[in-house]
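Since the structure comes first, as structure tokens, the remarks are kept for the end.
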Amino acid sequence: MAGHSNSMALFSFSLLWLCSGVLGTDTEERLVEHLLDPSRYNKLIRPATNGSELVTVQLMVSLAQLISVHEREQIMTTNVWLTQEWEDYRLTWKPEDFDNMKKVRLPSKHIWLPDVVLYNNADGMYEVSFYSNAVVSYDGSIFWLPPAIYKSACKIEVKHFPFDQQNCTMKFRSWTYDRTEIDLVLKSDVASLDDFTPSGEWDIIALPGRRNENPDDSTYVDITYDFIIRRKPLFYTINLIIPCVLITSLAILVFYLPSDCGEKMTLCISVLLALTVFLLLISKIVPPTSLDVPLVGKYLMFTMVLVTFSIVTSVCVLNVHHRSPTTHTMAPWVKVVFLEKLPTLLFLQQPRHRCARQRLRLRRRQREREGAGALFFREGPAADPCTCFVNPASVQGLAGAFRAEPTAAGPGRSVGPCSCGLREAVDGVRFIADHMRSEDDDQSVREDWKYVAMVIDRLFLWIFVFVCVFGTVGMFLQPLFQNYTATTFLHPDHSAPSSK
């Protein structure tokens, strides 16, 4: 008996719930038919009691996602929710007549909508992407939140790329109604970020909104939002800037590379070609504008100028390196400046302090001076044309070649006639000795020219290092001192836009 009672109670509750659902559905259906009755409602008519009454539309943008910013095409793609609120006196009812129902959702295409569009659209899609339902309250207030994917025109400032900050505006205005019929009001001073999905390329700095009027045209009004965004430079730093800096450092090594290896010009040209490739990559990213040059483009041009300068200096250094006494004479000031003064300033050890070849050459010349007279000819009108002074100790193995006689030329020396064959041999030895001394002197001059080239290389090495370091730091620190604020990007013409 108790089970039968429980079953009856459950059946009664289910029946009551179904009846209430049917009644609720019937109530909402009656309300929708009442509101959208063609005899009392026309969606083509502006909701105003007379022609002079204004319809106030409150507008607010909620940013859901910053999809992309195409620098070359200068287009910003965003996913936004465009909140619009207004009142329609024709869509009112008494809640007590409809089971205290105070809100109802109506298809937006069946009611009057303010034709608010994005004025600075860049792809022809001026309206929203999806016409969602509108929430209508019993007092006639309407809340409409359609989502939209907009592609708006955005003037890209490339001056500090890739450490740049952009201001992309979105201007909303009624397409057919002017200010005498629809008054656009800014619901919030900033766009909402409650449902924003962070971007991997841009940081949102500020999203201020403002209502613009034109003093010269009383019928003009629009709502403008400034999307102030800053680029995240990590991607371009890793893939563009650091490789450029490393390639530039290779250009520094050109001055440290010995001139004898013959690869100076090859390295310079290779670095120049690599920088040219990076410059071509940048030209495909930034917009083709002549108003500003991007920061990374300036840096590449700076390094290309330095590399070109290194090519010119390398040519000059190679020219100096391969000079010889037969083609050039070293001026005294060159010896003073490049062989005595600059090596000390550039932390180079002077070659005469460390060159073993120079020390050996000096010792050999000293021995030649000490051994002079071991075998020499005496010439003059009183001398026999085939007479020579002889050191007996040095010609013990030449017995019979001549007859020595004591002479006053010095102790241990004698004089006597010698054969013509011996004289030819002595002349040959003298020629060889003179030739070797001449070659040794020429080699000394060539080594001096090589050392001058090395000093010039080291001088330009330090100059190149300082210019590269200070130039790089000066260029890339410049954007860090820029004070970006919301007012920085507000253009003067925003306070008085032209009439459309």
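Numbering starts at 1 and runs along the chain as it is shown here.
Backbone N, Cα and C define each Cβ position, glycine as well.
Residues annotated as disulfide bond in Swiss-Prot: Cys154-Cys168. Neighbour list (Cys154 (disulfide bond), Cβ cut-off 8 Å, at least 6 residues apart, same chain): Val69, Gln74, Ile75, Met76, Gln166, Cys168, Thr169.
The N-linked glycosylation site annotation in Swiss-Prot covers Asn50 (among others). Using a 10 Å radius centred on the Cβ of Asn50 (N-linked glycosylation site) and all shown protein chains, the other Cβ atoms total 5. Classification of Asn50 (N-linked glycosylation site) by DSSP places it in coil, neither helical nor stranded.
Per Swiss-Prot, N-linked glycosylation site is recorded for Asn167 (among others), and the stated evidence type is sequence analysis. Secondary structure at Asn167 (N-linked glycosylation site), taken from DSSP and collapsed to helix, strand or coil, is strand.
Taken from Swiss-Prot, the feature signal peptide covers 1-24.
In this structure, Val135 (site 'Key residue for a rapid dissociation (K(off)) from the conotoxin BuIA') is part of a beta strand by DSSP. For Val135 (site 'Key residue for a rapid dissociation (K(off)) from the conotoxin BuIA'), applying a Cβ distance below 8 Å and a minimum sequence separation of six or more within one chain yields Lys103, Val104, Arg105, Ile142, Phe143, Trp144. According to Swiss-Prot, the feature site 'Key residue for a rapid dissociation (K(off)) from the conotoxin BuIA' maps to Val135 (among others).
Under the heading site 'Key residue for a rapid dissociation (K(off)) from the conotoxin BuIA', Swiss-Prot lists Phe143 (among others). When secondary structure is read from DSSP and collapsed to three states, Phe143 (site 'Key residue for a rapid dissociation (K(off)) from the conotoxin BuIA') falls in the strand class.
Per Swiss-Prot, topological domain 'Extracellular' is recorded for 25-237 (among others), and the stated evidence type is sequence analysis. Mean pLDDT across the topological domain 'Extracellular' (25-237) comes to 91 in this model.
Only residues 6 or more beyond the boundaries of the topological domain 'Cytoplasmic' (259-266), in the same chain, are considered here, and those with a CB under 8 A from a CB of the stretch are 311, 314-315, 317-318, 321, 450, 453-454, 457. Feature annotation from Swiss-Prot assigns topological domain 'Cytoplasmic' to 259-266 (among others).
The topological domain 'Extracellular' (288-299): residue composition by secondary structure is 5 helix, 0 strand, 7 coil, according to DSSP. Look at Swiss-Prot and you will find 288-299 (among others) tagged as topological domain 'Extracellular', backed by sequence analysis.
What Swiss-Prot lists as topological domain 'Cytoplasmic' is 321-458 (among others), and the listing cites sequence analysis.
Among the features that Swiss-Prot reports, transmembrane segment is placed at 238-258 (among others), with the record citing sequence analysis.
Look at Swiss-Prot and you will find 267-287 (among others) tagged as transmembrane segment, backed by sequence analysis.
Taken from Swiss-Prot, the feature transmembrane segment applies to 300-320 (among others), supported by sequence analysis.
Swiss-Prot lists 459-479 (among others) with the feature transmembrane segment, giving sequence analysis as the kind of evidence.
Counting residue by residue with DSSP, the topological domain 'Cytoplasmic' (259-266) contains 6 helix, 0 strand, 2 coil. Note: the Cα of Asn50 (N-linked glycosylation site) and the Cα of Asn167 (N-linked glycosylation site) are spaced 41 Å from each other.
Just so you know, of the recorded positions Phe143, Asn167, Cys168, the Cβ with the fewest other Cβ atoms around it within 10 Å is the one at Phe143. Residues 72, 156-164, 236, 240-241, 244, 279, 282, 472, 475-476, 478-479 of the same chain lie 6+ residues outside the topological domain 'Extracellular' (288-299) yet bring a C-beta within less than 8 angstroms of a C-beta in it.
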